[in-house]
Amino acid sequence: MTLECVVTPVDLGNYVVTPANLGCCVVTPADLRYYMEALEVAERLRREHDHSFGGPWGLNGPVGDAGTSATLTALLETKDARILSLEREVALLEGEVAMARESGGVGLGGIMPGSRWGSRASLVTPPPTDDSRLLQVLQERERKAKSQLEESRLEIQKRDQEILALSAKMKTLEEQHSDYQRHITVLKESLCAKEEHYNMLQADVEELRLRLEEKNKTIEKKTQQALQTTQERNKLNSELTELRDHMDIKDRKINVLQRKIENLEDLLREKDNQVDMARARLTAVQAHHSTSEGALSSLEEAIGDKDKQIQQLREQRDRAEQERHQEQSLHERDIAEYKMKLHTLEGEVEKLQVRLERSLAEKDKLEAKLESSQSELGKAKAELEKMHGEVGKSTSDYESYRHRLTKLEMENDRLRTENERLHHDLERSHPTYGRSSMSGGRDGAGEVERLQEKLDKCQADLRRAQTELRMNQSDYERSHVEVEQLQEKVEKAQGEIYRLKARLENAQSEKDSVQEELERAQATVARQHSERERWVNEVDKLREELERSQATVGKAQIGQEKTQSALDKVQSELDQLQERYERQSAEIRRVQAEREKHVYDYEQIQSQLDKTHGQNARLSKEREAAQHEADRLREKYEKAQTQMARMQKEREGASAEVESLTEKVDLLQAQLGKAQRDRENTLGDLELLKEKYEKTSAQTQKLMVGAAS
């Protein structure tokens, strides 16, 4: 069964096959399906060519890597091969049309020999009146088809030239991209070097901080030793003053005993003289009784002289006592003033020590806070790096999901258009073909169902990709918020570190000022101690002079008393001699008894003198031991002074070294800040290069989109 129909240009698409091309032959439904399938394949290939040409450049952005360019090149080669095959098929169809036309010149109802329609059923010829008009129409349509074919070829050549130009641009962009990659690699290497330098500087800062802590500990130890030495010195000074007071008491006791011994010796000598004088007087009385009156007058004269001398000595004693009291009061006032000054200076020294300890404690607290802030800064930096990695990973996942979503949307659009086209072709071909196209309809329905399933599957993948994209976007936003929070924490920690460093520097300067004040106070205390010792020595000298003057006055008083007693005794003896002149024998017996008594007194005084000598020797030994102890304490005090001076020098050296280490720390911190600024500048250059790269990519994308359109 044959079906007579006329093929129109609409049915055959862009490549028009008219009845003129076919030699005014009658086309069967099988032939129509064959030509329609061929033209549908050509149209689909053309759309795929246009889609593949516009897709990678218009939708997905510029292709920056070598894999995408290789894929594009392979796709272009396959499209060129398909175009060549289609051109060959079109040439074959044109040859068959020409053969059909030649056979149509003999007779319109003939069958084309050797053609694919030779085995078909017999053709029904149209009425001969319409043949010329139909032939003209078909020839005109053939010319239009040829002109459209030429236009398509020119368009294909134009597309090939554009593809070559875009390939050249793509090569230049790939070279530029490789240059950017190399530059980014160099920047990353420099950034790694800066980070290594930063880590080295951080390690140097930590080492210097440890050394500074060791020096501070050494300074604290030296300060404690200095305090201990000061306490020992104060203790030794107190012991020395106690020993001096004890020695003064011993000296006073020794002087009193010496005066007692001298008095006893004088008394003993006086007794001996009295005994001798009594003997001489006895002999003189016995021998020269007549000369008693002359002796009495001489004794009276001697007594008058002695009275004058005693009066002069009393006046001298009064003047010496008055001067001694004045000098003693002056020295006591000076000593009290110096004691007050020394007490105030010791109070100031204690206040400075308390301030120094408070500043050291504050410095320790600040260093502990600085270490804790630095540890928190390190943790925040680690968390920031971790979050940066997670953000980069989320960004890459986001880009991959967006790329997949774009591909799925493209696939969905393509399947939707293909489904619509198939539905349209099915609806258009269904009333034309009738029962002969039932099998083709069933095949089209099966293909439609398959494409519908594929479309549903792509839509499900698209929905899943969209949900994953939304989740990744939420994760990305949350990560971005966490990164901003960590950045704020890092900035706050850095501000806290800078503030603590400033407070540490202030504490260090205050410590230095307190140290200088302490040194000045110690120098003032040492000077006051030296002045105090000098005044104490002067007071001791004046005290010794006063004691010597008191001893001289006492001796003079004793001599006066002795002279007065001797005068009284002589006067009494003269009275007794005058009264008892007649009783010489009784007087001699009394003198003998008195002599025996004096001998007994002499023996007692001699024994007392021996005891006094023993006590004096014992006191001398005690005095020598006390002097030896005082010398030993003085040597110990001098050693403590030298040790304190040496410790002061070591402390000054340690302070100088601490200052040098502080300067080194400041220098390293400046280098560290410079390295951080270089790092920030490098990151800024990297961001600028990324922006330039993105701008270049956008320009390339615009160029590609313009070339594709």
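Every residue gets a Cβ built from N, Cα and C, even glycine.
Annotated range for region 'Disordered' in TrEMBL, selecting from 379-401, 471-493, 540-562, 609-631: 609-631.
When the ranges 303-323, 429-449 are checked against TrEMBL, the one recorded as region 'Disordered' is 429-449. TrEMBL assigns the feature coiled coil to residues 76-103, out of the candidate ranges 76-103, 188-215. Secondary structure of the compositional bias 'Basic and acidic residues' (619-631) per DSSP (helix as H, G, I; strand as E, B; remaining residues coil): 13 helix, 0 strand, 0 coil.
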